[in-house]
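According to TrEMBL, the features are:
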type: TRANSMEM; residues: 12-31; note: transmembrane segment
type: TRANSMEM; residues: 43-65; note: transmembrane segment
type: DOMAIN; residues: 88-216; note: domain 'Palmitoyltransferase DHHC'
type: TRANSMEM; residues: 138-159; note: transmembrane segment
type: TRANSMEM; residues: 179-199; note: transmembrane segment
Amino acid sequence: MGQRIHFVVDPQGWCCMGLIIFVWLYNTIFIPKVILLPHYEEGNISVLAVLCYYFCSLFCIASLFRASVADPGKLPENPKIPITEREHWELCNKCNMMRPKRSHHCSRCGHCVRRMDHHCPWINNCVGEDNHWLFLQLCFYTQILSSYTLILDFCHYYYFLPLKKENWDVFVFRHELALLRISAFMGLIILGGISRLFYTQLMGIFTDTTSIEKMSNCCEDISRPRKPWQQTFSEVFGTHWKILWFIPFRQRQALRVPYHFANHV
């Protein structure tokens, strides 16, 4: 099943996503230029450390773009409702369209989204059934990249041997301290914020509860059977193969979820 393109016209979302891209570009350009490549040339670090940084950076930006343009689960105007599932659909009181239970109407996007978790301005898109897995990958690789950057900033001053071939005529080396302080500041801010978000997302999957359902307090423990965590994660990522949960360069295949697990939002 191919991934449909979804584009949200929202200037605020564009600004937020532009800020994220700026931070990514800043660290992807200056960290290798100032730390990774010079220390690799002088034999202080291995090529594996350089490749790991670029792979983390690639996976981070790939999951960001895919999460921002992927259809989160927008419902069509005239959905075909299977006869056996009609009792598990309801009428949206905002757009007057039929939708599956656990769907929610996004006022910013102007339509209902299947199993919507929240609208995220940082990806300028809703986080719903079809792109939740990409949002989780974005949080995961952002944490890794931020942590890796902070470790490199620390090691550059307190662990690695001083560079012998620095060219002080180059801008990045003349302003190295300022550039790395900015990098460390952004890394700490992003790591702190994204770690808290990632934790709440994981807890939501473990309990099979979306952020909107938590805020509305509509999900009681007795309202539906509790699923094993492997099943809830497999439903989010669209595969039972755990290794594929970490790869953003694939198409998600929706696993059919029985609607008796659904809950009213």
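Quick reminder: no glycine exception, Cβ is built from N, Cα and C everywhere.
Within the same chain, residues 53, 57, 60-61, 64, 68, 121-125, 145, 149, 152-153, 172, 179-180, 182-183, 186-187, 190 sit at least 6 positions outside the transmembrane segment (12-31) and bring their C-beta atoms closer than 8 Å to a C-beta of that stretch. Distant neighbours of the transmembrane segment (43-65): 17, 20-21, 24, 27-28, 31-32, 36-37, 123, 134-135, 137-138, 141-142, 144-145, 148, 152, 160-161, 248-249; these residues of the same chain sit at least 6 beyond its ends, with a Cβ under 8 Å from one of its Cβ atoms.
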